[in-house]
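Copying in the features that TrEMBL gives for the protein in this structure:
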- 96, 107, 114, 152, 154: alpha-D-mannose 1-phosphate binding site (BINDING)
- 181, 193, 195: Mg(2+) binding site (BINDING)
């Protein structure tokens, strides 16, 4: 993947950007060579870095206020406490600048725990049901909820989904291409994948992404 991205950049007319729901530190831990990206948009672009220097940040606490934040967190903790799943670990709620991440199993679960939860969730729709209940309870707060990754739900103000990052790059390029795997309704790539400003590609793995990129490079 890295070689393909570097080849793409060598064309000289391409800017590379990465957008994710995780915070900046976690994104940096997950990618091998952050320096190849011109932009890194963490927390859906609510925190933005250019050439690894932060230049923009918003905050969900300021948007909601402490009373609504407390109501949401109390509800989630009680919901998870009453949830009968095979395993629970820790860090069920993670506060970020632009997102509140909610995980029934807990974000500090091991890789094996994660895989077991994914299999259990596939058969029991834990995240889908939790998301639906959160929408019914807190839609009045103008909050959106999407399934982010394998083990959690992202909560953010309506409009603070991944389309938020587009404001940082609109006008810089004539065409914006997006690659993501959670492009179905309820996934955290859905809104940006269907945004009219973007040409979206639904991919399932890095090899799938490379295959599409090769069509650009070989044309």
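Just so you know, glycine gets a Cβ as well, placed from its N, Cα and C.
Automated prediction, rather than curation, is the source of TrEMBL annotations.
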Need the DSSP three-state call for residue 193 (Mg(2+) binding site) to compare against my parser.
helix
Do me a favour and check the Cα-Cα span between residue 107 (alpha-D-mannose 1-phosphate binding site) and residue 181 (Mg(2+) binding site); whole Å is fine.
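The Cα atom of residue 107 (alpha-D-mannose 1-phosphate binding site) is 20 Å away from the Cα atom of residue 181 (Mg(2+) binding site).
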What is the number of other Cβ atoms found within 10 Å of the Cβ of residue 152 (alpha-D-mannose 1-phosphate binding site)?
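25, counting other Cβ atoms within 10 Å of residue 152 (alpha-D-mannose 1-phosphate binding site).
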In angstrom units, rounded to an integer, how far apart are the Cα atoms of residue 152 (alpha-D-mannose 1-phosphate binding site) and residue 181 (Mg(2+) binding site)?
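About 15 Å separate the Cα atoms of these two residues.
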State, in Å as a whole number, the widest CA to CA span among the alpha-D-mannose 1-phosphate-binding residues 96, 107, 114, 152, 154 given in the record.
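Output for alpha-D-mannose 1-phosphate binders 96, 107, 114, 152, 154: max Cα distance 21 Å.
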Provide the three-state secondary structure of residue 96 (alpha-D-mannose 1-phosphate binding site) computed with DSSP.
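Where residue 96 (alpha-D-mannose 1-phosphate binding site) sits, the three-state DSSP reduction gives coil.
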So which of the binding-site residues is most packed in, judged by how many other Cβ atoms lie within 10 Å of its Cβ, out of 154, 181, 195?
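For the binding-site residues 154, 181, 195, the Cβ with the most other Cβ atoms within 10 Å is 154.
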